[in-house]
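A short write-up of the structure that comes next.
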Amino acid sequence: MKNMGDFPTFLVVGLLIFSCLSYVRSDASDHRYKDGDAVPLYANKVGPFHNPSETYRYFDLPFCSPDHVTEKREALGEVLNGDRLVSAPYKLNFREEKDSSVVCKKQLSKDEVAFFRKAVDKDYYFQMYYDDLPIWGFIGKVDKEGKTDPSEYKYFLFKHIQFDVLYNKDRVIEVNARMDPHSLVDLTEDKEVDAQFMYSVKWKETDTPFEKRMDKYSMSSSLPHHLEIHWFSIINSCVTVLLLTGFLATILLRVLKNDFIKYGQDEEAADDQEETGWKYIHGDVFRFPKYKSLFAAALGSGTQLFTLTVFIFMLALVGVFYPYNRGALFTALVVIYALTSGIAGYTATSFYCQLEGNNWVRNLLLTGCLFCGPLFLTFCFLNTVAIVYSATAALPFGTIVVIVLIWTLVTSPLLVLGGIAGKNSKAEFQAPCRTTKYPREIPPLPWYRSAVPQMAMAGFLPFSAIYIELYYIFASVWGHRIYTIYSILFIVFIILLIVTAFITVALTYFQLAAEDHEWWWRSFLCGGSTGIFIYAYCLYYYYARSDMSGFMQTSFFFGYMACICYGFFLMLGTVGFRASLLFVRHIYRSIKCE
């Protein structure tokens, strides 16, 4: 176990290899076709346009179904994303045009008419994939023109789809679906209706190369007016950083310089002069915190989530998460989280042993459950809701077994190996000052120096640096916008880390200057408080910026956002504490401590 201290290094190397393998991937859609060849067309899902989590299988609606419905084998990430691809009833052979070809003639029963009418009223859309290119469209429309009473609205189902396909030599480049506004089925009344579903296909040649066929989707988030807003967000964040840095440089450094001069003079003067300020508590500042097992577990989980975030950004910046690369992000999250569990085990156990903890096994179990536990409970509840709704968000039993196996065979062993490496690292806590036997009493402090007001101050500045970018991320994750400007997002992330570290250091100094030596947990809570602000933004976004509704969508939004914000809390709390620890060690190393 001599070289087990290098354990995280091996993990990092492994993750880098994984990153390269993920990038150098075979493109399943890189097919070449001859005239008349069958091009794969899969129907994916349907659902209310404003409720992105509430999606159902395409044939849950009584559309025309092919004689033999075949399901496409899907990767883990695709299933987690709610994709359920099945063969579509339309035949779009390569360069084979069709005009008003009949899919099927069907008599819709009263129940089916009512089912379709309810779907049209909720703005149901459908999604298909043609040669791995996405196709979107609405299933119908509501005629509200000149009508004020909802009972007078007329409901129509589109029954004719026009497919426009662009090709370059022997490859499909682009596909669009248009619904014929004149070919409709009236769904207004509860009565049986005869419907004849049709489709047309038009082919047109283009010069766009195959390698650039996805640019159409990524361009939408790079439009000039969007880029202006993103750059405004970065400038706003940079101004925040500069102001904060300037504040720290002019106030903190000047105060610290005066403190060093003062304490240097005090040591040369008579010893009977009473000490005040942060030097006065030098015998208590490195006293280990309460609940050290929980504290070490939080640091371990936060370090793992920070590593996970960095690797996700690396994959994003090299182009792995291109638009409609179905499930790539979810696959990466699951795999990288599993591979980085060793980092959590190593960090938590080594720090716990530095804090002179004895029960490292319990600490390791706590580390493994600190983030996964709440996430698992949230998943169980939301998956049950999805099962009740018969939505595609409900994971099949086989997928749940795969995730459990990953956790059992990869995550847990790596966590234990990391814990053993951390225990055997035998690193000692580096404290420039000796800790006294009995703690000093903390003097009475004003209300604004307590934990909650300090957390509010600490969380507001980092949140103000990222809130503009948050809207675009929310609109992508909880809507249908496409987000591809990962370079700008990475810059904002770096700014977030800097602001979090700076504000936590500043508040830690003011806490120590007030002779309050219990800074360990406070620095962690102040650093992580941005996660609470992000969750508060969730409330604003849900009620003011989105049209989401219904129990399932509401529970999915607030449930999974609670887990994400909790992850941010752990990650930024770790950043805040590490920055404060460096600062506190530095200032106490700069003075002579008895």
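Each residue's number is its place along the chain shown, starting with 1.
Placement of Cβ uses the backbone N, Cα and C atoms for every residue, glycine included.
All annotation found in TrEMBL is predicted automatically rather than curated by experts.
Summarising the annotation, TrEMBL assigns signal peptide to 1-26.
Positions annotated as transmembrane segment by TrEMBL: 229-253 (among others).
The transmembrane segment annotation in TrEMBL covers 294-322 (among others). Cβ atoms under 8 Å from those of the transmembrane segment (294-322) belong to residues 12, 15, 19, 22-23, 25, 214, 218, 328-329, 332-333, 336-337, 340-341, 343-349, 351-352, 355, 357, 363, 366-367, 370-371, 484, 486-487, 489-490, 493, 520-521, 524, 528, 567, 570-575, 577 of the same chain, restricted to positions at least 6 beyond its ends.
Residues 7-8, 11, 14-15, 18, 22, 75-77, 80-81, 292-293, 296-297, 299-301, 303-304, 307-308, 311-312, 315, 320-321, 360, 363-364, 366-368, 403, 406-407, 410-412, 414-423, 425, 427 of the same chain, all 6+ positions outside the transmembrane segment (328-352), place their C-beta atoms under 8 angstroms from a C-beta of that stretch. As annotated by TrEMBL, transmembrane segment applies to 328-352 (among others).
Within the chain, the transmembrane segment (364-389) has long-range Cβ neighbours (under 8 A, six or more residues past its boundaries) at 54, 293-294, 296-298, 300-301, 304-305, 341, 344-345, 348-349, 395, 407, 411-412, 415-416, 419, 551-552, 555-556, 559-560, 562-563, 566-567, 570. The transmembrane segment annotation in TrEMBL covers 364-389 (among others).
TrEMBL lists 395-417 (among others) with the feature transmembrane segment.
Marked as transmembrane segment by TrEMBL: 455-474 (among others).
Residues of the same chain lying 6 or more positions beyond the ends of the transmembrane segment (486-512) and with a Cβ under 8 Å from any Cβ of it are 230-231, 233-234, 237-238, 240-241, 244-245, 247-248, 252, 255-256, 277-278, 281, 285, 309, 313, 316-317, 321, 449, 454, 457-458, 461-462, 465-466, 469, 473, 519, 522-523, 526-527, 530, 572, 575-580, 583-584, 587. Annotated transmembrane segment per TrEMBL: 486-512 (among others), in sequence order.
Marked as transmembrane segment by TrEMBL: 524-544 (among others). Beyond the transmembrane segment (524-544), the same-chain residues lying 6 or more positions past its ends with a Cβ under 8 Å from any Cβ of the stretch are 295, 298-299, 302, 451, 454-460, 462-463, 467, 470-471, 474, 478, 496, 500-501, 503-504, 507-508, 554, 557-558, 561-562, 564-577, 579-580.
Under the heading transmembrane segment, TrEMBL lists 556-584 (among others). Packing against the transmembrane segment (556-584) from elsewhere in the chain are residues 53-54, 285-286, 298-299, 301-303, 305-306, 309, 370-371, 374-375, 378, 381-382, 385-386, 393, 458, 462, 478, 496-497, 500-502, 504-505, 508-509, 512, 519-520, 523-532, 534-535, 538, 542, 548: each is 6 or more residues past its ends and has a CB under 8 Å from a CB in it.
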Restricting to the same chain and to residues at least six past its boundaries, which positions have a Cβ under 8 Å from a Cβ of the transmembrane segment (395-417)? 7, 11, 76, 79-80, 334-335, 337-339, 341-342, 344-345, 364, 367-368, 372, 383, 386
The answer for the transmembrane segment (455-474), taking Cβ pairs under 8 Å and residues 6+ beyond its ends, is 221, 226, 229-230, 232-233, 236-237, 240-241, 244, 481, 483, 488-489, 492, 495-496, 499-500, 503-504, 507, 525-527, 529-534, 537, 541, 545-546, 572, 576
Six or more residues beyond either end and a Cβ under 8 Å away: which residues meet both conditions relative to the transmembrane segment (229-253)? 461, 464-466, 468-469, 472, 485, 488, 491-492, 495-496, 498-499, 502-503, 505-506, 509
